[in-house]
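**Q** Can you keep this structure in mind? I'll have questions shortly.
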Amino acid sequence: MDPTGSDSHDEKGASKEEQPINFEGDHGADTELRRLLSTRHLTMIALGSSIGMGLWLGSGKSLSSGGPAGIFIGYVLAGSMIWSVSHSIGEMAVMYPLPSAFVQWTGKFVDPSAAFALGWAYWFSYCITIANELQGIVTVLSFWTDKVPTAAWITIFLVVIVLINVCAVSVFGEVEVVASSIKFGWIFVVIISMIVISAGGGKNHDAVGFRYWNAEPFTHGFKGFLNVLPTCIFAMSGSENSGLVAAETANPRKSVPRAIGSIWLRLSLFYLLGSLMVTINVSPYNPNIFGGSGTNASPFVIAYRDAGLEPLAHIMNAVIFISVLSTGSISGYGGSRTTMGLAHLGMAPRQFARADKVGRPWLGLLATLVLGGGLAYLNVNNSASNVFTWFSNLTSLFTLFGWGLICLSHIRMRYAWKAQGREVSELPWKSWTFPYAAWWGLSWCIILMIVEFYLAVWPLDDKTTAKNFFANYVSVIAILVIYLGARVYYRGPWWVNTSEIDLDANRRFYADKDPERVKKTGFKAKASKAVGFVFN
């Protein structure tokens, strides 16, 4: 592979003919994928695609481990990280909207070996997420009935995820828009109703207030707080999918900044206010929360049920079901696009670079859905909370590795841009947070990987054993082995030479005229200004 990350492969990669690059007019970064998604699709996917099992179910396990203050501070820290990562994604996705996004950016700006390790680690992470969300569906449905075998539920909804992904990308986009709209609309109901419940508005008229915060803000001290961080990271994993979807949007220059601008809305409404509502209404010692000895339900559902609001508990469970299914389906999308990007870099069989006439990369979809679905059946003979812990720890480490390399790629891209004498004003979209946010995100990714090593060696409420260590930290070992193997294969310098990077290869060029922009007047113009203020 060319160390600059361009598609002029050597004999180890795919041929040039498989990667047509058109630099005429306002095109570029073209692949066999079809640009069928609009700004609406990307914005809604960015708003809701990562809202799944990690938040709705995993927050119960985090509440038990870290206490009310522990889970809230954990989401504040994780939120600051994904906000930083998203701004790095925004700047690069507008200019280089490629199928596997951050994998190809890493190959272009950091090192081919790092891209190889990231690509395959992230692909496996998507497979794990499919498995985790499928077992989450089983947990959610057990709230209504436990008479259906676990394997049957997994099989039924694996078929649903497959059907969503084998449809044209425009159908996939509409499904995600509907799911995100439901999640986004329901969170307002959650916030308002839980404030009312906390004030004594439930059937028992018991005003909870901040009783649990006052009694014990941290249930297991500082170590308990550290223990919630992997789940918080897992809950926000997938937020980076907007970088992947940019490769299939009609106008990334308009769509991506709007999606990135919506990040603060998702963070504040879902994660911060959502977790706060749980902490003021549910005791961390409630035996029925996910991971406990009781019904293993979502803390959001428990809050409604304990308040005597049974109808809201059932609606909440239904929304969680939709959320979990949506997150599983977008993981199938992400995994197939990651293998496609790897094939473009010559790091996967060239057949993975192929897509059919409506933009479906069949081989990538097949590999991702078969492995992800197969892993889901681990839940048949193990408890849901144990499987969730294994998978969330694996995924959080892969996510930290990915987020760190996204920030590093952004730093290196800007360095190369400056080293080659180009002006920042030439960028099609630039983040106002650079360089502070990129360095903040990268630094915390490194710190939290060290924290997870500490927790793998000295786990909370468990003994130090080889089994515990490998169950919780095998991701890092796998990444190191893959990376060092790739180093032996690729050889060469440890870093791509920034002065030699072809900054125009795989780049998308834009005309001055925005093809999606239609001049608005009157009320529409004012509404558009208001939306622009919120999202940008």
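One is the number of the first residue shown, and numbering goes on along the chain from there.
Yeah, the Cβs are placed from backbone N, Cα and C, and that goes for glycine too.
TrEMBL: automatically predicted annotations, no manual curation.
Just lifted these from TrEMBL, have a look:
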type	residues	note
REGION	1-26	region 'Disordered'
COMPBIAS	7-26	compositional bias 'Basic and acidic residues'
TRANSMEM	41-58	transmembrane segment
DOMAIN	41-491	domain 'Amino acid permease/ SLC12A'
TRANSMEM	70-89	transmembrane segment
TRANSMEM	120-144	transmembrane segment
TRANSMEM	151-172	transmembrane segment
TRANSMEM	184-202	transmembrane segment
TRANSMEM	263-282	transmembrane segment
TRANSMEM	315-336	transmembrane segment
TRANSMEM	357-378	transmembrane segment
TRANSMEM	390-411	transmembrane segment
TRANSMEM	432-457	transmembrane segment
TRANSMEM	469-490	transmembrane segment
**Q** Considering pairs 6 or more residues apart, do the transmembrane segment (120-144) and the transmembrane segment (469-490) have at least three CB pairs under 8 Å?
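**A** Output yes: the transmembrane segment (120-144) sits against the transmembrane segment (469-490).
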**Q** What parts of the chain pack near the transmembrane segment (184-202), using Cβ distances under 8 Å and only residues at least 6 beyond its ends?
**A** 44, 47-48, 208-209, 269-270, 273-274, 277-278, 280-281, 300, 303-304, 306-309, 312, 315-316, 319
**Q** Quick check: do the transmembrane segment (357-378) and the transmembrane segment (151-172) share at least 3 Cβ pairs under 8 Å, counting only pairs 6+ apart in sequence?
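**A** Between the transmembrane segment (151-172) and the transmembrane segment (357-378), which are separate recorded stretches, there is contact, as judged by 3 or more close Cβ pairs.
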**Q** Hey, which of 41-58, 263-282, 390-411 has the most Cβ-Cβ pairs under 8 Å against the transmembrane segment (70-89)?
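**A** When the Cβ pairs under 8 Å are tallied, 263-282 comes out ahead.
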**Q** Counting only pairs at least 6 apart in sequence, do the transmembrane segment (263-282) and the transmembrane segment (432-457) share 3+ Cβ pairs under 8 Å?
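**A** Contact criterion not met.
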**Q** Which listed stretch (41-58, 315-336, 390-411, 432-457) has the most C-beta pairs under 8 A with the transmembrane segment (151-172)?
**A** 315-336
**Q** Counting only residues 6 or more past its boundaries, what in the same chain has a CB within less than 8 Å of a CB in the transmembrane segment (41-58)?
**A** 132-133, 136, 139-140, 173-174, 176-177, 179-181, 183-184, 231-232, 234-239, 241-242, 245-246, 249, 255-256, 258-260, 262-263, 265-266, 270-271, 274-275, 290, 298, 300, 320, 323-324, 326-328, 330, 388, 392, 535
**Q** Quick one: average pLDDT across the domain 'Amino acid permease/ SLC12A' (41-491), no decimals.
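**A** Its mean pLDDT is 87.
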